[in-house]
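Features of the protein shown, as given by TrEMBL:
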ACT_SITE  C393  active site, phosphocysteine intermediate
BINDING   N331, I332, C393, S394, D395, G396, W397, D398, R399  substrate binding site
DOMAIN    183-555  domain 'Myotubularin phosphatase'
DOMAIN    703-754  domain 'FYVE-type'
Amino acid sequence: MSSCVNSATIDGMIRSSASRFYQVGSLPGSPSVYGRLRAWLSQDPWVGDSVEVSVTDKTGEQVTIRKVENVRLLDKYNNRKFSQGTLYLTATHLIFVDPDNKKETWVLYMHIASVEKLALTTTGSPLQLRCKTFLSVTFVVPKERDCHEIFTTLQKLSQPVHIEDLYCFYYTSSSEDIPKTAGWNFFDLQSEFQRMNVPNDQWSLTLLNENYEICDTYPRYLYVPATAQTNILIGSSKFRSKGRLPVLTYLHRNKAAISRCSQPLSGFSARCLEDEQMLNCVLQANPGPGYMYVVDTRHKINAMANRAAGKGYENENFYENIKFHFLGIDNIHWMRTSLNKLIETCESKAPSMSFFLSGLESSWWLRHLKAILDTAWFIVQAVEGGVSVLVHCSDGWDRTAQVCSLSSLMLDAYYRTVQGYQALIEKDWLAFGHKFSDRCGHIAGDPKEVSPVFTQFIDCTWQLATQFPRAFQFNERFLLTLHDHLTSCQYGTFIGNCEKDRVDLRLNERTYSLWGYMANHMNEYMNPLYDASFAPETLKPCLAPQNFRFWRGMFCRFEGGVHPRENLGDLLLATCDHSASMEDHIKLLQKRISAIKQKITDCGDKVKSEILDKAKEPISHPLDNKLFYNKAEDLARYSTIEDAIEGCTELKQACELVDNALVVGSTDETKLSSQSSMEQLASELGSVALDWKTLRNVKECACSTPFDHFSRKYHCWKCGDVFCTRCIEKHCALPGHLSQRAVPVCRPCYRLVVSSAASVTSSALDEPLSP
């Protein structure tokens, strides 16, 4: 039976957890996503193993939403071990719910790379999902008919036909206060070149491409040699594939430049005078050694093969004072095959050491990373030596983007900060036309266009970060989040194949920016080892084969037993936070102790003065009067002023004065009230956790959400317990901190602090005014 439900209903059910693409979660106490879905679906009177619901999507089409009962989620290493529950197909996610263990498995449709029906078994029809985040799950659906319908639905939902059917055009942030404009104004191409002191006498801005007329895959603002006239620019663009003429991408402080373009349309013998003049202008823009490099990132044999298609490479006889180098990075097809082999190796159910190592070697993945970094290092050495470099591959948007961005990353410390790395991606990848939608398979298209080009860039960045852990401001989680949202299509940042596509789609108006989301979670991405003063301006990595590492955190992120129980980066962040909390608490205690000491000193001086005055009074000894005799005997016991102070009853009054007048400084937020000083002091001492729970053996949050290697664990600064990101969303100032800055606390502690602050305020208002 079908029932018509508006798609907004489905979206609302999952919007609060839309960021959890793949993670296994728990069923929150009330009301959970599971509960809302179950309550909604249980309204349908159909009884059986599955329920079918017709939903009107944003385009007006009817999409079948199903829930299927008694589905098994198989364990990767043991098919006899499984979880049993309900499978839900919502508007954007596939959700598996295991009610017995209170676990959820969420898979975003856009993350699904392939869906495969396996051979029938006695327990049902297996369905295997492989994701672009390298998650692989296998469900066993009781009925083959249900399995086939799920299979068909997932194929449709994971591969939209039109780009405006993507998730980002319908996603709305409700759990976070992020305006839709946040992040879109973080980067400006002209500002980035101004940071490099461009324009200048050698390089100038041209507006010839302001309406994308010369090259529709380039940005509208191009920086070219100041001596290059308009006819040279137009002539060179006509001689280059896709019109991608040589333009500036990075200018070093020594005036050496990195420029980029596409292959020339030279064929076997064609030449272009304007293109030759253009390269000479690039050469003359650097007053250095009198020559420059042209780096062709392809194998020479492949470049020669392109000549048959009227393309190819520059003829050395026509270009003076230019040295040509072929550096041999394989094309997108080799990279796609390499990643597939690597994934097959990682997904093996019982890999031996020899099997894994031979599989890793045969995939050539690490070899490809080495070839990319070798090329980038060649460019770094040339630029540091004062020699300009022009880089191209075939069309100049894949291998060229990789080596130009990695060279800049090694040359400029700014690009190793969070803001700088985002600017590097915006400049060398987004603005200069890397085909993100084609390479990531955002919509249904030619599968041969899909290739892990950007994944390799992120992996190369990680390789550098492992060699220079103090040089990068961001951590591994930052890179993994980037990679996840590369294919999630939740944000509009990586949608489209070039700047013109994003302008035409009005993504900055219609979608959220990934940079805005990440800015709201910046504390998750900070590298505690980063030291801006220590980091060298230029990174000089060791690119020997033994220094390349398999990135377990990327390709085996969802394997339960292969990661350390304690993430070093998170441990360091937690230690820094704990130390900061203790230092802030110590400062308050020092201030309290100083105030108490001063008050005791003041009261002691007063008592001393009173005793001294009494000691100066004349003492008579009428021995015949017992009353006066006793008084004289008591006074005789005080042989010194100090002895008199110790035995004086006025000290009790002094202590009472201290108790009722513990005032710190002047009028600030840490001032104690005159009537509730001891209560407030006790509140301060109890508001800060002295001991924080270790992260090592914490497997799940208090809300039952399990922690995996990717999950960030947070400490509550008041109670010291460990929580997930959803349970630690509150921030407030603790009474025991001198700075009174807002710090992360769990929900129960937040309510306790707020109610305590309210009662203190109420008590202060009820106090009578001093006469």
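All residue numbers here begin at 1 and follow the chain in the order shown.
Cβ atoms here come from the backbone N, Cα and C positions, even for glycine.
Heads up, TrEMBL stuff is auto-annotated, nobody curated it.
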Reading the DSSP string in three states, the entry for R399 (substrate binding site) is helix
Per DSSP (three-state), the residue listed as 'active site, phosphocysteine intermediate' is coil
List of residues, in chain order, with Cβ under 8 A from that of D395 (substrate binding site) and at least 6 apart
S241, K242, R244, S262, Q263
Could you pull the average pLDDT for the domain 'FYVE-type' (703-754)?
88
Smallest number of other CB atoms within 10 Å: among the recorded positions N331, C393, W397, R399, that is N331
Could you count the residues of the domain 'FYVE-type' (703-754) that DSSP puts in helix, in strand and in coil?
8 helix, 13 strand, 31 coil
Whole-number Å distance between the CA of C393 (active site, phosphocysteine intermediate) and the CA of R399 (substrate binding site)?
6
How many angstrom lie between the most widely spaced Cα atoms of the substrate binders N331, I332, C393, S394, D395, G396, W397, D398, R399?
12
